[in-house]
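Worksheet for the structure shown next.
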Amino acid sequence: MSDKARGNKSAAKKASKSAKSTTKKTTKSAAAKTPSTPKPDVVVEPADTAAELPPRSIDSSHAEFVAATSLAPLANPLRDRQDRRLPHMPEPCALVVFGITGDLARKKLLPAVYDIANRGLLPANFVLIGFARRDWEDGDFASLAHDAAKEHARTPWDEGVWQRLANNIKFVSGSFDDDKAFDRLARTLTDLSDSHGIVGNAAFYLSIPPAFFQTVLRQIERTGMANNHAAGGWRRVVVEKPFGHDLPSSKELNDLVDDVFTWRDVYRIDHYLGKETVQNLFAFRFANTLFEPVWNSHYVDSVQITMAEDVGIGGRAAFYDQTGAARDVLQNHLLQLLALTAMEEPVRFIPSAIRTEKLKVLRAVSLPADLRGNAIRGQYRQGWLAGERAVGYLQEDDVPDDSTTETFAAIKLHIETRRWAGVPFYLRTGKRLPRRVTEIALTFRQAPHLPFAPTDTDELGHNQLVIRVQPDEGVTLRFGSKVPGTVMEVRDVAMDFLYGETFTEGSPEAYERLLLDVLLGDATLFPLNEEVEASWAVVDQLEDFWEGQKPFDYRAGEWGPPEADRMLARDGRAWRRP
Ligand SMILES: NC(=O)C1=CN([C@@H]2O[C@H](COP(=O)(O)OP(=O)(O)OC[C@H]3O[C@@H](n4cnc5c(N)ncnc54)[C@H](OP(=O)(O)O)[C@@H]3O)[C@@H](O)[C@H]2O)C=CC1
Ligand SMILES: O=C1O[C@H](COP(=O)(O)O)[C@@H](O)[C@H](O)[C@H]1O
């Protein structure tokens, strides 16, 4: 903290503590009451694959209308969907964002809407509806949206594009427990169907604190907004992470959301899957012959997946202190990266095939029988980062003085499959680490034999393949090379592929890509409920083990607590220092 706010902390802390216990109780008692809808255990997605569905198409009059009214696409249209017979542009529709004044909506969603429009990928009859507590008119919301989009857009700013969007911006004021507000929203949608030709198509984005997911879903159900079969249009829902707090609460939420909407219309968002480099994992692994033969326990010694952030918790203490690093990012981003790294090749690039392979990995995850020393939690103390003093977690605004919430987690796990038997996967994430970096590093076994005697100066390590998700997106291959000279001295060198140097097109922001996918009805990059539950099954074991324990300390600006280093040292390995 800023030392300034320390004086106001104790009242805020009390409120935060009471909110915490209330949230937990509510979740548990609700879980006990809600009957669970039986669900198929196997991931068979009957009719959502391109092969099983009749091809979607935009009718020709609409296509002509779109061609006449939209901007020419910028370079880098998001992708070629032809082989999957999906349209490139959504049908006329409305996007309803709950929590439109929040951090995510301002920094990511509103800019994403603008960027999609700027690439010429939004139909002219697209309507954006914001829902929030402010006593605003449409114009007030349009003004917030304009400023947010302009500040955070990825594509160049074009006032003309914005003005076309601004003509179709609506605002509905109300709180989540206000029935009348939801009635107004339902009427607004019906009216827009007629006046703006959105033919009843609407996506609802729950960009709201997870504690309100159930309330809002119930309101959508009560007002009949989830169902639009009579009008022949579609209704979809996007639920932000974290999807539940543990396995029982995620099952309860899955049951509810699949009940209110048709399961196929539920989009559980994990924005890491929208990152270009994460999708490149598919290309890297399955479009090349070079890597597949060595992508297994015969050649791979170990795998490290790191998601490090230099930032702290920002102003999100109320959320973060109830959540912690494991629930915030390990349960979703890190385990999804793991699944993509370890999965078998999907039979086709379609949602059901990809989700099936990811799920097999997540269900094959096994944690060490003894988690002591193999599941490390940390919490940052005051330290120095990039030359600046950073306060400790306990001094952050609204964090209770005695909080035991972790801001760092490092774990070891195995994947019980033939491909990965015996290969340890080390996952770590943390806030206030020395730098922001997300990467997947495969370390290969050492050569079993050297035909020349090593010299004293040899620096021959293991071969390593590093997929950098962010920043400096790219791939690095480390291998031994002869040092020029008269003796056979070998040293590790790196071969680098950098996205930024090879491709001139800027990649779309993750939320832009995923939002467009929702409007197009393309669920390929959205985890299935079974994946979410399999991930919670892993994280619940960790949380049970950590229950009642204090996290280890690390100073802001360090790579986590020393115990995390010891975890690898015991195995004769070390974390990469990216
Ligand atoms: N921010 C981020 O970087 C990320 C966020 N997420 C997820 O996105 C979701 C939203 O996060 P974030 O934007 O940070 O949250 P914020 O707290 O910044 O925003 C919450 C929004 O919900 C509204 N809201 C809260 N309570 C009510 C209520 N009772 N009635 C009506 N509106 C209400 C707030 O309105 P008001 O302005 O009136 O308070 C605000 O618009 C969360 O699920 C989070 O986990 C996921 C990844 C990253
Ligand atoms: O989901 C989340 O992700 C962000 C990090 O996202 P990135 O795209 O910037 O890597 C993290 O800061 C936040 O705590 C978490 O909720």
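Cβ coordinates come from backbone N, Cα and C, glycine included.
Just so you know, TrEMBL annotations are computer predictions that nobody has curated.
For the substrate site, TrEMBL lists His271, Lys275, Glu309, Lys431; matching the candidates Asp246, Asp255, Asp328 against that entry yields Asp328. The shortest Cα-Cα distance between Lys241 (NADP(+) binding site) and any of the binding-site residues His271, Lys275, Lys431 is the one to His271. For Arg133 (NADP(+) binding site), the count of additional Cβ atoms within 10 Å of its Cβ stands at 13 [all protein chains shown]. When Cβ neighbours within 10 Å are tallied across all protein chains shown, the highest count among the binding-site residues Glu309, Asp328 belongs to Asp328. Selection of the binding-site residues Arg133, Lys275, Asp328, Lys431 by a Cβ distance under 6 Å from ligand 2 yields, in sequence order, Asp328. Taking a Cβ cut-off of under 6 Å from any atom of ligand 1, none of the binding-site residues Lys275, Glu309, Asp328 qualifies. The DSSP secondary structure for Arg133 (NADP(+) binding site) is coil.
If you measure from the Cα atom of Lys275 (substrate binding site) to that of Arg133 (NADP(+) binding site), you get 32 Å.
Distance between Cα atoms for His271 (substrate binding site) and Arg133 (NADP(+) binding site): 26 Å, as a whole number.
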